[in-house]
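One structure is given below, encoded as structure tokens.
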Amino acid sequence: MKIRIDGGRLLDEQTGELYGANVYYDDVEGRILAIGRDLPSADKTIQLDGQLVLPGFIDMHVHLRDPGFTAKETLASGVQAAAAGGFTEVACMPNTSPATDTAAVVADIVGRSRDIGKAGVHPIACITVGQAGEALTDFAALKTAGAIALSDDGRGVQHGMRMLEAMTAAKTLEMPIVIHSEDETLSGDGVIHPDAARRLDLPGILGESEAAMIARDILLAERTGAHLHVCHVSTEQSVALIRWGKARGVRVTAEVTPHHLLLDESIITHDDAVFKVNPPLQSERDRLACLAGFLDGTLDIIATDHAPHTEAEKSLGIARAPFGMVGIETVFPLLYTYLVVPGIVSLPHLVWGMTRRPADAFGLPGGSLRAGAVADIAIVDIVQERAIEPAAFYSRGRNTPFAGWQVTGWTTHTIRRGKLIYQQGEERLA
Ligand SMILES: NC(=O)N[C@@H](CC(=O)O)C(=O)O
Ligand SMILES: [Zn+2]
């Protein structure tokens, strides 16, 4: 079928200006045929009224929890939540059970997510067996099965020589090494930023635990030539180190989360584990440094670190609850409302950070709307405004610190390879 999206507004990919145009695509080929005002007639039309027609969003850091932790999230609930957030592609982290450390687990995730038919899923497989930080996994076999990168996310690889071996092997296969930077000899048993920890009489996490490992791994990326991607950057020192690495010509890319762009540790005034995340909410100065880093391109992409947990787990209090926040259904509305509307970040800069830049950094299709490109599209409504309501999430995780925040920029339709994978108000998958 030929389908046309009429009456929307697109971003000019050169100038970043919004302009009115229609989009014409084929749902079998899954490609955009033409963009413009005078297009051939279609079998079906999606009629809009000025909504934004954007490239489908790409999230390089989500936890889908399947296999193993399906009370937190399942593949089905995760990819439906992703589609509801406007995402056409997500990369999922390997801290599953069993860990995503064999070709069989990678192939299972790829196959089942394809059958569900919502957002596309790209597994990031473990660097070390069982994420234990010891023996390396079989990178070549993981790549053949469909892994797009390697990470022990959830934990840092503590042993420097092990990381050097991993980068050397990853370089020969051209697989990115994606790092959760945390020197555990510095973070210890900390749970939140030291200032918040002092107020609540809890153990703190030193910011240096992140920056120290980033420094080590930039040096190892320089030595090996591997592509290093730094997850969830949260401190001023980390941003400075990545800026330094880029200036030296090291192949380093980095991501920043919506919570590290919008929140700081001062929000933690009482013992509520909804604010517990790793790396922790940092100081206001760190938050502003992350924002500046995103604006100048040091932090290339926005990633949510969508980390669902059950209500029972999150009700254990900050000392005992697991780290993590959900984010995939609310990232665009939050960043649009609180960064674009007040003029802090431009709309194209936000959109490229969620589309073109992750596609370029990881060699994924999508990220651009033009004739010949894949028909991966997010349609968002910047008039409709409502409060974030966790009970309405498609995700099983309800653990967001943004409940009740009033936002606009909700996704109304998500299209992947020409197929409608989300329409606002649709039923939850079983
Ligand atoms: N970010 C988190 O606080 N939690 C993540 C792990 C991670 O991304 O480090 C999780 O898996 O729950
Ligand atoms: Zn992590």
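Here the Cβ of each residue, glycine as well, is placed from N, Cα and C on the backbone.
Remember, predicted model here, so these are calculated numbers, not experimental data.
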For the Zn(2+) 2 site that TrEMBL assigns to D153, H180, which of H227, H229, H232 is also named?
H232
TrEMBL has H61, H63, D153 down as binding Zn(2+) 1; which of D300, D305, D360, D376 does it also list for that site?
D305
Looking at TrEMBL, which one out of H260, H309 binds substrate in the same site as H63, L64, R65, N95, N278, F323, G324?
H309
Spatial neighbours of H61 (Zn(2+) 1 binding site) among the recorded positions H232, D305, G324 [C-alpha, 10 Å]:
H232, D305
If you count other C-beta atoms within 10 angstroms, which of the recorded positions D153, D305 is the most crowded?
D305
DSSP-derived structure type at H61 (Zn(2+) 1 binding site), helix or strand or else coil:
strand
Within the set H61, L64, R65, which binding-site residues show a CB-to-ligand 1 distance under 6 A?
none
